[in-house]
Amino acid sequence: MPRYDDRYGNTRLYVGRLSSRTRTRDLERLFSRYGRVRDVDMKRDYAFVEFGDPRDADDARHYLDGRDFDGSRITVEFSRGAPRGSRDFDSRGPPPGAGRCFNCGVDGHWARDCTAGDWKNKCYRCGERGHIERNCKNSPKKLRRSGSYSRSPVRSRSPRRRRSPSRSLSRSRSYSRSRSPVRRRERSVEERSRSPKRMDDSLSPRARDRSPVLDDEGSPKIIDGSPPPSPKLQKEVGSDRDGGSPQDNGRNSVVSPVVGAGGDSSKEDRSPVDDDYEPNRTSPRGSESP
């Protein structure tokens with residue numbers, strides 16, 4: 001049985017598992033032993049080698065497959081497809097446009113060269129006309145997008161409705177907490193100003209030592225909202241003005257009955273000063289002075 005198989009007429013070989021030290025000239029020198037090499041397309045760790053005769057390509061594949069080259073065991077086999085980006089199509093496969101048309105399904109031309117109809121308005125996924133693949137309802141990408149769009153409003157609405165009351169409550173609580181100390185301070189200041197101790201403390205010690213001022217009638221006079229003097233203080237002020245205690249004043253003011261002869265002795269015994277200051281000279285206990 002012959003070794004050579006010319007069913008596809010392929011002249012392009014795939015060379016894999018190349019070493020990082022391998023260069024294009026090294027591959028060209030190795031494969032040129034089996035025939036004329038037309039092109040060497042070197043990649044990172046693999047390459048494509050093209051021969052001028054399919055039989056030379058088959059010989060190179062047979063002898064070089066699994067051989068150690070440049071420190072690595074390479075694999076050599078026929079390539080499975082037409083070359084990309086090459087301009088010489090004489091021995092590399094079918095020319096451009098020789099593939100299968102997506103519009104009519106016939107081999108030998110592309111969809112842009114198809115004369116069966118408007119190929120731009122046909123979907124390549126479902127085969128129906130009137131829309132393109134991007135707008136196809138059967139596209140898996142569109143199904144995913146539609147599912148995500150249908151779910152997104154539900155997800156976005158639920159947390160907003162639940163979070164809005166809590167945010168308003170938290171803001172109101174924060175405002176109330178920040179304002180509460182100020183209100184307490186204002187109330188404390190008002191209570192202090194209303195208390196009598198605040199008025200007493202505002203008076204200077206010099207004003208406290210001063211004796212109360214008397215008006216024209218002899219009664220103590222209130223100055224600048226100061227509290228009225230106690231009955232004991234009024235008694236002491238009256239005694240100082242008369243020049244002695246209430247008892248001494250009563251004794252010194254008594255007039256002899258000889259002077260008041262011809263009149264009522266009970267009325268003449270009292271001095272005019274005693275009549276004026278009789279209410280003020282009453283003791284706190286309610287007993288009258290002699």
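A Cβ is built for glycine as well, from the same backbone N, Cα and C atoms used for every other residue.
Between the stretches 13-30, 121-138, Swiss-Prot puts its zinc finger entry on 121-138. Of the residues SER86, SER172, SER193, SER239, Swiss-Prot records the annotation phosphoserine for SER239.
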